[in-house]
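Asks: Please see the structure below; I have some questions.
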Amino acid sequence: MSLAKLRTHYTADVKPEKVDNGQKITLAGWVHEVRDLGGICFVVLRDREGKAQVTLVKKKIDKELFDAARRLVRESVISVTGSVKFEEKAPNGYELLPEEITVLNVANSPLPMDTTGKVEAELDTRLDSRFIDLRRAETTAVFKIRHQALQATREYFVQNGFIETATPKVVATATEGGTALFPITYFDREAFLNQSPQLFKQILMSGGFDRVFEIGPIFRAEEHDTRRHLNEATSIDVEVSFADHFDVMEILENLVAYVYAQVIEKCKPSLETLGIELKVPKTPFLKLTYNEVIEIINARSEEKMHWGDDLGTFGEHIVGNYVYETTGESHYFIIDWPTEIKPFYAMPYEDRPEYSKSFDMMHRTMELSSGAQRIHIPDLLKSRIESQGLNPEGFEFYLKAFEYGMPPHAGWGMGCERFIMTMLGTENIRDTVLFPRDRRRLSP
């Protein structure tokens, strides 16, 4: 059977400006609900774009068709051909008066979980039966928004002269020298799943690519088991030649504002489904120095932060709330971090080398992005690698790119899932991933 016979329209396509009253159409999807009232039967058909009411009046329709509709099993796959009747009280403002209902696949009963929203399910239950959970309107809405956010991200980069790249995910050495790596067997050698495209982005700067971005998977073998950590995630990465950290911060904040604006414009039904009202963040974002952050935390907490400490969850909450209370905005930057707590490739200030030209972009109580101007001077880079207890020989492929004309450059990486999580106010980062991989979950 051809696609044209199974479906001519999505449910959301049936509008007075597109479809005539009485026009014959074919919808296809899942049986969301069956309401049998004796003399009348309502079948709610659900597809990717929404729901449509199929109305069968016993006295006006073939008995065999009426009885078949009453027997439909929830979540079975059907195709319905009939005539459109615009009706204000019906879902989406119309109902379909069927001439033919074809059952394409019958669902087992009972279902592993409810899809109507009448019965709540725990996240683990939903993830165990993800194929059913993805049929829920709220779940679908999240991934439609994620799709639009990534599409807008690509649009923004292309409009601003970036080249999209794809770097290796199987590597011979750690990107940042950490131990949080997944080892794999690569024929007769040990290899790792890449934790960041960082080193390859910088090599591309030596290659003259000038402005690059990548949207791809990263892998972190960290044993965190929290609502905001994943072991496989999607990273949005940027690298720009002839730029410093302030230049790429501007690119980042403008990207965030652009994506929000596009989601607001193009995802109205999904935002309504989730009950969310977004506003475009104001740019430029507030910039706080690391030292200012220490002062803010220590003035508001008995638990003190000392120079050289990372921010920590408690500090993120204090500073994020301070920024929101004073500016009404959620996004902000923390700049000028101590050199020793940033990766080896972060450029130190010439006049105060204990500080680096680095930044984190925050959203209230969560880090979304980390970036810096990079070291482009070979001797300094090698020295920084050694100072962090790493062997430069393991980075030979990377260091060579700096010996034959590396321009000054800067960049950042941002976690896609955290970006979506904070945009939508999602409680758990796993809600923003189709099939999340965390410390405890490897299936489905």
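Placement of Cβ uses the backbone N, Cα and C atoms for every residue, glycine included.
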Asks: Out of 198-201, 242-245, 290-293, 374-377, which range is noted as region 'Aspartate' by Swiss-Prot?
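Replies: Spelled out, Swiss-Prot records region 'Aspartate' over residues 198-201, not the other listed ranges.
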Asks: In Swiss-Prot, the residues Arg220, Ala221, Glu222, Arg228, His229, Leu230, Gly415, Cys416, Glu417, Arg418 are said to bind ATP. Which of Glu164, Glu277, Glu354, Glu367 is said to bind at that same site?
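Replies: Looking through Glu164, Glu277, Glu354, Glu367, the residue Swiss-Prot assigns to the ATP site is Glu367.
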Asks: How do the residues of the region 'Aspartate' (198-201) split into helix, strand and coil according to DSSP?
Replies: 4 helix, 0 strand, 0 coil
Asks: Ranked by the number of other Cβ atoms within 10 Å of their own Cβ, which of the binding-site residues Arg220, His229, Arg374, Arg418 ranks first?
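Replies: Output for this query is Arg374.
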Asks: The region 'Aspartate' (198-201): which same-chain residues, six or more beyond its ends, come within Cβ distance under 8 Å?
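Replies: Counting only partners 6 or more residues beyond its ends, the region 'Aspartate' (198-201) has Cβ contacts under 8 Å with 165, 167-168, 175-176, 212, 214, 237-239, 343, 345, 395, 398, 411, 413.
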Asks: What is the nearest of the binding-site residues His229, Glu367, Cys416, Arg418 to Arg220 (L-aspartate binding site), using the Cα of each?
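Replies: With Cα distances computed to Arg220 (L-aspartate binding site), the winner among His229, Glu367, Cys416, Arg418 is His229.
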Asks: Name the residues of the same chain, 6+ apart in sequence, whose Cβ is under 8 Å from the Cβ of Ser370 (L-aspartate binding site)?
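Replies: Result: Ser358, Phe359, Asp360, Met361, Trp412, Gly413.
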